[in-house]
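Visitor: Below are the features listed in Swiss-Prot for this protein:
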| type | residues | note |
| --- | --- | --- |
| BINDING | GLY77, PRO78, ASN79, GLY80, SER81, GLY82, LYS83, SER84 | ATP binding site |
| COILED | 309-460 | coiled coil |
| COILED | 714-920 | coiled coil |
| COMPBIAS | 1026-1038 | compositional bias 'Acidic residues' |
| COMPBIAS | 1042-1058 | compositional bias 'Basic residues' |
| REGION | 461-687 | region 'Flexible hinge' |
| REGION | 875-900 | region 'Disordered' |
| REGION | 1026-1060 | region 'Disordered' |
Amino acid sequence: MGKRDIPSPNENIAPRTIGMRDVDLTAAPAKKAKLDTGERIAVSGRVASVKLTNFMCHANLQIDFKTAQNNCFYIGGPNGSGKSALFAAINLGLGGRGSDNDRGNTVKSYIKDGTTQSKITITLTNAGLNAHPDFDDLISIERTINQASSTYIMKSVKVTSSDNHVERIVSRKKADVDRIVSRFSIHLSNPAFWMSQDRSRSFLANFKPANVYKLYLESTNLENIRLSYIRFADALDECFALIQLKAGEILNEQKKLKRMQEQRDLQAKLDQDRALVASFCWKLLFCKVRDYNDQIELTLKKQEAQKTLQDETKKEYAKNRAARTEVEKKIQEFRDEVEVQDAEIAEAREDLDAKKRKVLEFEEKIRECEQSIRKKTSEKKYMERTIVNAKNEVRILLEKQGNQDLTKRLTKVENDYKDISQQRENMELGGESAKLREKLDTVITDYKRKEEEKYTIQRDINQLRRKIEQDMETMRRSRATKKDAINKFGSHMAEILMEINRSKSRFQTVPKGPLGKYITLIDPKWAFTVEECIGNLANNFLCSSHLDAEILRNIFQSLRIPAQDRPTIIVAKCNGRAYTNLHEPSSDFKSIYRVLKFSDPDVHNVIIDKSNCEQFILIEDKTEAMELMGSNYPPQNAVKAYTLDGSQAYANGPNSQYRFYSGRGGHARGTFGNDQGDVDEGALARLIEDTKSEAMRLETQDLRKQDHELKVIYNERDQTKAAIDEFDRKLSNLRSQELQKERQAKDLRAELAQTANEDQVENLNESIEEMQKKIPLIEDEVKDILKNVADITADMAPVIQERKEAEHTLAEIQKETRDFASKSQKLQNELSKYDDAGEILKIRLDKVKADEGVFFHTEAKLKSERDDAMEMVENDKKNHPMPPGETDPPDLSSFPSTTEAQRKIEEMQKAVDRATVGCDTTITLECVKDFKDKLKRLKYLCRMIEDVLIELKNLHAARVKAYPSLKKFTELKVCNKFQELLAVRGHFIGGLEFDHEKETLNVNVQSSKEKDAMAGRRPEVLEVEEVDEHSYDDDSDDSTGPRRKKSKKSGQKKKRVRDLKGLSGGERSFVTAALVMSLWEVMEQPFRMMDEFDVFMDMMNRKLVMDLLVELATKKFPHNQFIFFTPQGIKELNMVDGLQVFEMNRVRD
């Protein structure tokens, strides 16, 4: 029974309930398909009751659905009875929106006119499948709608055995209502389950394929599923991004934990350092007493040593004085002897000078005689040569007088000339010379080729040997560097610097070196290039004067450094100011100077002067360097460019010519770097041995083979050359003989033409006789001169002997004098030593006497101060408690000196203070432990979340993969169900056709009027005719429906269409109901609602559809609740089990 609080003339007194009655199922059409009878199962979420207060046209309305016995409910009544209001109230009461019910855009528009508040109470069942365990038998949802807002109250209702209802409020939150609705699978916005009046009319009136497809997607929720998959994928990506972000935060937290642990370690170290400082301070209290004891003991030892020293010094001074007296006596004796020797030397020197003058006179006479002898001898030789020449002329003249003999000789000479000429021509034209020379060229070519091969092998050997030397030098430098880093500039560099430091007082200005020590390479990439450029200056020393340079050379010599290992010394003025106006290239280019950093201005100036490195630019690529420096406009002030492998490109300019020298390549030796100590000596030694083996192999095998082959070719070449030389010699002899014979013949012909000259012969004979007479005279003169020389030599001999005796005497006297002088000097030196030693001994005695009193007073003073210090220690002990583990007094045997201890305490205290500044004392062990546990939990949670996300991602991927199958299965299920429902009527042929690309759903159904014509063949696939949104058919028999417009002119050819245009309004409504019921098949909801579904049906279709709906609800879907609203009469409805009917009266006009 319906109930209300305030009666109204225009309001239902009570909805009238019609009971169940028998229905004759045989009245159905003969070809109606039978439906399977399903088992009735209790399902949670059905509507048990609805109560409305001031909702739309209802002031107070309550309807109770007997869900325990029924699952199909018909609510009938004329227009104005509030059926649609009840429909909307169920949707709104469960949390629906006002715009979803086509009765208003806002919720407040549903409040009854004249009132300010509306209330909807929906009671749902909570028994059977999917029941909520936290609620009782029923769930009541009460929504109160005000003008500004709406509120919810959700109650749990327990039904007692006496049918009493006990309520308890569970929640007042909309979110909890939404969760209950979602749990019961109630789709508030699904048009298939909430087929309102306006939605039914619009759907029946505008049955376009696109609209039907849209209804299909909304009803089956496929589109929402696809979009939810996309949103879920985005949400997963965001979650993974958050996990990554959280992982970064965890990493930061780990760093923070590490810093906290470091702080704890620092705190522990601080405690240890403070304990050590306390121990040192405790021992320092006693250090003063210890120092006084040590000083007193030292003073006593000094007193004993002073007394012993005084006695020994007195004895030494007495000995010194006695020895000095003896030396003075010896010196005086030597002085007397020296005076006598000086007089004898003067006398001997005068006698020697006289003897020398006599000898010189005799030697001058002998030289004059020897000059005369040479003159006479030369004159004699000239006469003898003249005689020989004259005799030869006479002989020649006499031979010319016999002409017959000359004719014979001429004939013989001419015959010989012809024979020799013939032999020469045969040798020149025979071709033997060309063959020999061709053979020689071949041998020389082979020889040069072999020499090239030998040169290549020798070059490889030399390169290997240079590499061996470089590697050995690297090893030596590495070993030297390990001893002292400065040795990278030379193996003796540490010794040199040590000796310079010891001898620095000898220098005017201490030399600076090695220069490489003051140079730092900024860019290590250019180490090899910089070494190529200024590496030879790295071990040089800079001296400010030549005197300092000479002292430094003496140091090199004293250290016995080999000449080849001695550093170069550069002498230059040192003013301590670096050059400023340098001729550098543009700043766009890197230069040798710009990659170096100088720590000394004088070294800076020397490197600039010696290398001009500020004008050497650096270019990595060799080709780029050649193009840049070889162009017509090279960089200004750039003299040349260096590359990474040490190649050099000189700039092309008006005063210079472009040149390029390829670098030898290699690795830097570490002169300007810190990598010298990183040499792997074991690997380097193995490399040296391998290189030596390779060099030995080349020398013993390849080189010897080349030498042997060269020797063979060399012998062949020499043999060929010898053959050529022999041939040339023979040919040359023949030519010489030919020329000689030709000249002899010419001379003989000339002699035959001459006549003998007798006067000439006579004159020559006279000249010969005259000169022969002069020769004996010259010989006699020479004999006289020789006799004179013999006499002078005889007279000079005794004088020479006397001179020798005088020289010997003088030498003997001078030797004795030198011996006396040497002995006298030695005595003088000895005397000076005794004087110096005596002076020192005297000073020592005076000092020892003075120290005697000082030591006595010092001892007394130290003892007094020690007593004061002991008293002070006792007072300090009161303010400085003894640290744990120490003794009183402490053991100071291994404790450092007081000054060193104070310095250490000060350093330790400063270190403690510095560490205290950076130490966070608020970090305790408990903090670290808690933070560590928290971080561990956080990491575990992140790991778990990440695992869950991966599992969700896999599930999502599986669902995305299964989505096409779900879509296809849904389509097949809807199509099959639609075919099954059409078969119930038995007058329709067709089905549903999906086009997912065009997003259309064609309902291809044909009336039974064409069934016979189309029997036995499939329906044609016909063209869809485009229909205006407001065009309808004219064959509807429902006068209440809207008027239809004509679709085509009568004269136009009819087309068979695929939509429902060819059906009547009732048939179209039946097909629509069949489609909606097909959609119900694929979606689950505890209850389904349809309002005015039969608006366009004729009586026959309406009854058929109503009975069909009842049968479907009660037999096919007994576990679902169906609520149908209709303005038509329901008296003709067959009453069956599971059906409950309500009739509502008109409440408004």
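Quick reminder: no glycine exception, Cβ is built from N, Cα and C everywhere.
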Visitor: Using the CB centroid of GLY77, PRO78, ASN79, GLY80, SER81, GLY82, LYS83, SER84 as the ATP site centre, which other residues of the same chain sit with their CB within 8 A?
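Guide: Other same-chain residues near the ATP site: PRO1127, MET1144, ARG1146, VAL1147.
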Visitor: Under 8 Å between C-beta atoms and at least six residues away from its ends: which parts of the chain pack against the region 'Disordered' (875-900)?
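Guide: Sequence-remote neighbours of the region 'Disordered' (875-900) are 275, 278-279, 281-288, 290-291.
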Visitor: What's the most sparsely packed of the binding-site residues ASN79, SER84, counting other C-beta atoms within 10 A?
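Guide: Minimum Cβ neighbour count within 10 Å, taken over the binding-site residues ASN79, SER84, occurs at ASN79.
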Visitor: Helix, strand, coil: count each for the residues of the region 'Disordered' (875-900), based on DSSP.
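Guide: Residue counts in helix, strand and coil order: 8 helix, 0 strand, 18 coil.
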Visitor: Among all protein chains shown, how many Cβ atoms are found within 10 Å of the Cβ of PRO78 (ATP binding site), not counting that one?
Guide: 13
Visitor: Determine the mean pLDDT over the region 'Flexible hinge' (461-687), rounding to the nearest whole number.
Guide: 85
Visitor: Ten-angstrom check, please: count other Cβ atoms within 10 Å of the Cβ of GLY82 (ATP binding site), all chains counted.
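Guide: A 10 Å sphere around the Cβ of GLY82 (ATP binding site) contains 24 other Cβ atoms.
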Visitor: Using a 10 Å cut-off on Cβ-Cβ distances across all protein chains shown, tell me which of the binding-site residues (GLY77, GLY80) has the largest neighbour count.
Guide: GLY77
Visitor: Going by DSSP, give the three-state secondary structure for GLY77 (ATP binding site).
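Guide: For GLY77 (ATP binding site) - judged by DSSP and reduced to three states - the answer is coil.
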